[in-house]
Each structure stands twice: as structure tokens, then as C-alpha cells.
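Notes to accompany the following structure.
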Amino acid sequence: MSTKKSPEELKRIFEKYAAKEGDPDQLSKDELKLLIQAEFPSLLKGPNTLDDLFQELDKNGDGEVSFEEFQVLVKKISQ
């Protein structure tokens, strides 16, 4: 996935994975894993593990990643 996507495209990608289980406005850890494996596979090849990445993104500690929290990941990888 190119990080040069419009906000609308990023929202659509987020919603595609968030709708797989539970709250359609939040990514569970499993949904985040599927999204990263499909859209950002290189993220899990370095020192970052899925657990570390999930903890970093889940700023409010609710066990899920909102679209706002997901945008942190997009900004991080587009730098």
C-alpha cells in the first residue's frame, strides 16, 4: 500500500479490516495484524512486533485501535 493515499482511501482501508469482527469503528489486534500483513508487510520484519506496535497505537488502552490511533501509524511510516 502506498502511503500517498487520500484520507478517504485510508478510512476505507481501515473500515474494511475493522468490519471483520466486533466494533466496526475499531481494529482488534487480529484485525490490525491482517491489515498490516496485507498493507504494510515490512512493518513486522524489523524489531517491531505486533504486540509492540499495538501497544504503541492503542493510546487510550481500550484494547482496540481507533481510526485516529491508526493515523499515527500512517504518519509514522510516511516520514
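From the backbone N, Cα and C atoms, a Cβ is placed for every residue, glycine too.
Taken straight from Swiss-Prot:
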BINDING   Gln26, Glu31  Ca(2+) 1 binding site
BINDING   Asp58, Asn60, Asp62, Glu64, Glu69  Ca(2+) 2 binding site
DOMAIN    13-48  domain 'EF-hand 1'
DOMAIN    45-79  domain 'EF-hand 2'
MOD_RES   Ser2  N-acetylserine
MOD_RES   Ser42  phosphoserine
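Within 10 Å of the Cβ of Asp62 (Ca(2+) 2 binding site) there are 11 other Cβ atoms, across all protein chains. Each residue in Gln26, Leu57, Lys59, Gly61, Gly63, Val65, Ser66 lies on the same chain as Asp58, Asn60, Asp62, Glu64, Glu69 and has a C-beta within 8 Å of the C-beta centroid of that Ca(2+) 2 site, without being one of the site residues. Taking Cβ-Cβ distances under 8 Å and a sequence separation of 6 or more, the neighbours of Gln26 (Ca(2+) 1 binding site) in its chain are Ala18, Asp62, Glu64, Val65, Ser66. According to its DSSP assignment, Asn60 (Ca(2+) 2 binding site) is coil. Glu31 (Ca(2+) 1 binding site) sits 14 Å from Glu69 (Ca(2+) 2 binding site), taking the C-alpha atoms as the reference points. According to DSSP, the secondary structure content of the domain 'EF-hand 1' (13-48) in residues is 21 helix, 2 strand, 13 coil. Around the Cβ of Ser42 (phosphoserine), the number of neighbouring Cβ atoms within 10 Å comes to 8. Here the domain 'EF-hand 2' (45-79) returns a mean pLDDT of 86 for the predicted model.
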